[in-house]
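Written out below as structure tokens is the structure these notes cover.
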Amino acid sequence: MVIRSDSLGGSMMHMYGQQVLLKSRTNEAVDAVAQAAFNEKKWLWVEDSQEGFIAGYVTSERKGPNGDEYEVYLNNGKVRTVNANDTQKMNPPKFDKMEDMAELSILNEASVTHNLRMRYQDNLIYTYSGLFLVALNPYRKLPIYSDSVVQSYKNKRRGEMPPHIYAVTDLAYHDMLQDKENQTILITGESGAGKTENTKKSIQYLASIALDKFASSATSTRDGGKLEKQILEANPILEAFGNAQTIRNNNSSRFGKFIRIEFSSSGQIAGGNIQWYLLEKSRVAFQAPDERNYHIFYQLMNSHRSESKDNFKQELLLDGDCSDYRFLRSGARFIEGVDDAQEYNVLKNAMNIMGFSRKEQLDFLRVVAAILHLGNITVTADRSDQVQLPDIRPIERACHVLGIPVQEFMKGLLRPKILAGRDWVAKAQSKTQVMYSIEALAKALYERSFGKLVDRINKAIDQARTSHSSNFIGVLDIAGFEIFEVNSFEQLCINYTNERLQQFFNHNMFTLEQEEYRKEGIDWKFRDFGLHLQPTIDLIDKNNPVGILSCLDEECLIGSSDDAFMNKLNTLWKGKSEKYEPVRFKKGFILHHYAAKVEYSTEGWLKKNKDPLNETVTRLFATSSEPYIASLFEDYLEADAISDSAISRTRMMRIGGGSFRTVGQRHKEQLNSLMETLANTTPHFVRCIIPNTEKKPGKYQIPLVLEQLRCNGVLEGIRICRDGFPNRLPYAEFKKRYEILCADALPPGYIDGREAAKILLTALDLDENQYRLGTAKVFFRVGVLADLEDIRDQKLASIFTGIQAHARGHSARRKIQRRAAQSEMIRVIQKNARKYIELKEWPWWKLYLRIKPLTTANRADNEIRKKEQEKKAVQAELDKVRQEKQYLEQQHMDLGREKKTIEEQFMSELRMAADEKDILQRSLNQAQAKTKDLEQEIETLAAELEGVEDERDQLVLSNKQFELRVTELSADLEESQQITASLQQELAQKTDEYNTLLNDKEKEVSKALNLSELEMALQKTIIDLRDALNQKEVELTSTVTRLQDQISELQEQLTKEKTQHRELQDTHHSILTQSKADTEKHATELRDLKSQSSEKVSELRKLQAELSQANVNAEKTKNRLEGELSDLRLELERKQVAWRASAKICGQAQADLAKSQKETEHERSLRERVDADLMQAKEDLRKLRRDLHDACEELEESNNGKKAIEQELSIVSSTFGDDIRSVHDLGKVKQDWETRLKALENELAEEKSKLAISEKARCKAERELAEEQERLEDLFTQKEGTFEETKLILMKEVQDLGEKLEVERAAKEDAQSLLRRLTKEISGIVGSYDV
């Protein structure tokens, strides 16, 4: 039976009850005709601005001014003359619809797009492009994801099946199991390219193959398939709350997610985890005309038409339709072909499978309803700009759903309290501010609720923490590159993420590949494939020089404006980076991304980065009567309930992590963590392509596709795959795997791995151009390794066939022999049955049957039962020890996870501290520069003032001298009046001189007055400068206060870590104490069982005395090591007791075995089985002892890790102290803080000294413990020798008993012969009596 499957490009054929996909074979005659038509003419591709490329053939050729020119007849019927350089070669028809574009004979843009177009038109949406997969969005459902298709791709190598997302996923799964390495599948592309659907199909395939693994496993204990179903059902929930309709996609993911699926070593799913990034929360309050809000809003509004019995809509006070709510009016209300009521049923079913209770479902929907009610609140303002809330009905509904008082909510909206210094002051809001506050609250509600939803899903599927997970496969689905008419802060974060992912792709595909060739010494010319993305990334996230995000954080920290941010950004980067361009007449800039130039508008960026909320209302939410709403805002504490010194710390903790963290910082931290995870895995790339912008099936726009191929580096990936050696194996692995192909080629004995690989490759007769021998690996071109695998499979198949033939022959012979033995045994049984029938009425036989129970031989059954009871007791002890082992392993896993969490938190805080330090350092440098400038200005003004004062003093002195001179002249004038008239002329002359001097004096006085005014102006300038300096001192003081709060917070965290560490030690001590008590109980029971042997009891008592002495010696060490030493003594005692018990049980079993040889062979087999079980029990006890010892060592390592983290936290605290001291020394302000800072330094130094003393004490105690352990090991070795001697004596006794048994057996045979002789004589006497 053959079923056509055109969408897969082949046929489905049943083979051994299973459908197998077979590649389709085209008609050879048709291929020949097409090839002949192609050979008749010279075909090529001609570039076209509308269609990208048009096929045509050359009708004539001629020389032109710019080189050769062709006259081409195009397929659209036009004739065009083109330059030869503007054309591209065409592949022959046999290369049409190639599954791997790396196999094209001619590789160029036209051939690649043509191959994709032909496959897309035949519904072949998947195509290999070298080492990764290209997927085109079909914009319709295709029958290529059914269960039969899933089965056909399982355990298939690439090339055996057509390209598919299942093939990539299966390869990742296979590599994870074989290489024991984590894998990631990176599904990237622009919005609307189909990333979300491919992510779902990939997870569906993993769940399916893991479920088959579970079904074939007989050791799994969890519910079959429940975890797999939950992982699959997580997707409808995330889509409902995180997806929405956009212009380019009806089901666009408006958040990024990284889905980790944990697997056990056997390939079964052990758990899962979902991390989310960049939720587009602004969509909650506004949507474009052709877009919608998140799906959950419309599903809830149409829930009354669903099959669900829960009437959540009425319970949440929702009535009417979508047009009645402001947050749903601006966008579209329906999606073509989608029924929101039916989708609500799917959501409810998924929540039920995930284990969501009705209360939990109501809580998540409560937030959705509350947002709709908040959106309907109307705000008006009167003539005096007093804000009013005219309609109270939506407020009452919102408050009822949120569980908060109405009046307090209204008061918080209209007159929120703000922190002014140390007091809370009510501030009146404008209409715009109130509306912004409502929308910000709605967005914060939805974002926080979405985070809680993801946490709840992780709680349901993250079972890896309670199981033994081995590796994971991660699937990344994140928003693609976005270019809108207005690109804001959200688009910068998304495009920055894609820039980093594209750099990761380039690094893995191009850079690492060529670096590997260079390190291995392969002859390779390094090729630059372009796409240098590091300058753009540095422009966005670099700290020195300041990048866009760091500059934005600085402006948020100092409370600047968007204009100041834009001016600073232009100063830093304008003309200094070719990736940055300023924008005229707008607030914004242009960035050169790998995909395109993007113009960003910086309007409102500071507010978006700080993400402020109305803290009065959020504190009200934190006290809500609904526990779920209160849990969303539990970080907002009531200001009246905390001290003033804790207010700033509370606000900083709410912002995050003990320091001021903005939206940009949080995203950069998340992205760094994601890139670190990806760098530690083996990546598999899937590139999703948008075929057209109209979302029409079958339509293929070549320019659009070509632009995406260029941006994604598809052609470069194909070239390096074709020219390079993408497949490689270490020499040892290559020899181990392919030695079977030429087993006789390798000489016996040791041979170097490289030489062995060279011999094997020569024997396989491979072309030298198909491989290269490196320093440690052998490299192959594309397809060579697959051919070797086929040859190896054929070889293995022939070997397995021979083995199976021999096995079947041996099995048949054994079956015949068994049947012959059965026939013989049947005849013996029949003979014995006949004899029994003859003898059962014989009086002597009846007498024998009555005497037999009284014989000692029958006691064997009782002994066997006793051994069975002992076996059950030992088995119970083993079960208990296994439970203890599992408990300790669980404790170790919990401590390991806690250690990892603390380390991640510490590294995060360290990175944030470094960023904060850079920002503070830059601010401090700026403040120092400004202070120096002000000081220089003050010095200059002071010097000028001193010069003016000197001039003024000189003028005053001149004035006084002039007054004295006037006085003298007046006296002379009085005297001259008494002189004769002849002196009149001289007097007039003197008067003229006086008038001249008087005029000069008036000029001097007016100049002095002007200087006084200048002096007043200078004094005013000095006062202003002093005010500015005082303000700067206040700013430095606030910075010091904030840093002091951070130090206090770090000290609190350090104290908390120490408390947790002490609690962990106490828990560890209690666990070991309980384990000691339980083990002593088991030891007592075992000693009771061995009380019959006085010699062994005395040895045991002697050993206990020695261990007690060891205990006294060990107690002299540090108290914190007492638990570990007790555990070691307990393990040694358990080992001795277990070995003594095993020895006695072994001796008793051997003695009973010797006695029971008088009976049947069946009893002997029972005794042997009991002996074997007891020996296995002894071995299990030894193994469990070793496991318990390893678990204790790992617990000690966890404690050491926590101590190291405490030391690093102390170092960070000290570093912050140094930064604050430098600020104080440079500022020369607030001298009283220096005393407190020195006190904190002394406390930190004391803490360090205490830690150093503790570390020395621990090292000393460890040395003492090692010495004590060596002494105990010597003692144990001595006792073990005694045990061996005792064992030899017992074995000799067993041999003696065996010899006695042989004598008794001979005596028994003599007695039996005598009995037979007497029986014959009695029979003869009876016969003669009858006669």
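Along the chain as shown, residues are numbered 1 onward.
Glycine too: its Cβ is placed from the backbone N, Cα and C atoms.
Feature annotations, courtesy of TrEMBL:
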- 39-92: domain 'Myosin N-terminal SH3-like' (DOMAIN)
- 96-793: domain 'Myosin motor' (DOMAIN)
- Gly189, Glu190, Ser191, Gly192, Ala193, Gly194, Lys195, Thr196: ATP binding site (BINDING)
- 671-693: region 'Actin-binding' (REGION)
- 1055-1069: compositional bias 'Basic and acidic residues' (COMPBIAS)
- 1055-1097: region 'Disordered' (REGION)
- 1077-1090: compositional bias 'Basic and acidic residues' (COMPBIAS)
For Gly194 (ATP binding site), list the number of other Cβ atoms lying within 10 Å of its Cβ atom.
24
Quickly jot the same-chain residues contacting the region 'Actin-binding' (671-693) by Cβ under 8 Å, restricted to those at least six beyond its ends, or write none.
116, 120, 129, 131-137, 139, 165, 168, 171-172, 175, 179, 181-190, 192-195, 198, 248, 258, 275, 277, 474, 476, 480, 496-497, 500, 504-505, 508-509, 699-701, 704-705, 708-709, 712, 714, 904, 911
With an 8 Å cut-off on Cβ distance to the Gly189, Glu190, Ser191, Gly192, Ala193, Gly194, Lys195, Thr196 Cβ center, who else from the chain surrounds the ATP site?
Asn137, Arg248, Asn249, Ser252, Gly480, Cys688, Ile690
What residues, ordered by sequence, lie under 8 A Cβ-to-Cβ from Thr196 (ATP binding site) and sit at least six positions away in the same chain?
Glu239, Asn243, Asn251, Ser252, Ser253, Asp477
Residue counts (helix, strand, coil, in that order) that DSSP gives for the domain 'Myosin N-terminal SH3-like' (39-92):
5 helix, 35 strand, 14 coil
For the region 'Actin-binding' (671-693), the number of residues DSSP places in helix, strand and coil:
9 helix, 8 strand, 6 coil
Taking the binding-site residues one at a time (Gly189, Gly192), which has its Cβ surrounded by the most other Cβ atoms within 10 Å?
Gly189
Which whole-number mean pLDDT does the model give the region 'Actin-binding' (671-693)?
90
Report, as a single number, how many Cβ atoms besides its own are within 10 Å of the Cβ of Ser191 (ATP binding site).
20
Enter the number of other CB atoms within 10 angstroms of the CB of Lys195 (ATP binding site).
28
Nonlocal residues around Glu190 (ATP binding site), in sequence order (Cβ under 8 Å, 6 or more apart):
Arg248, Gly480, Phe481, Glu482, Cys688, Ile690, Gln708
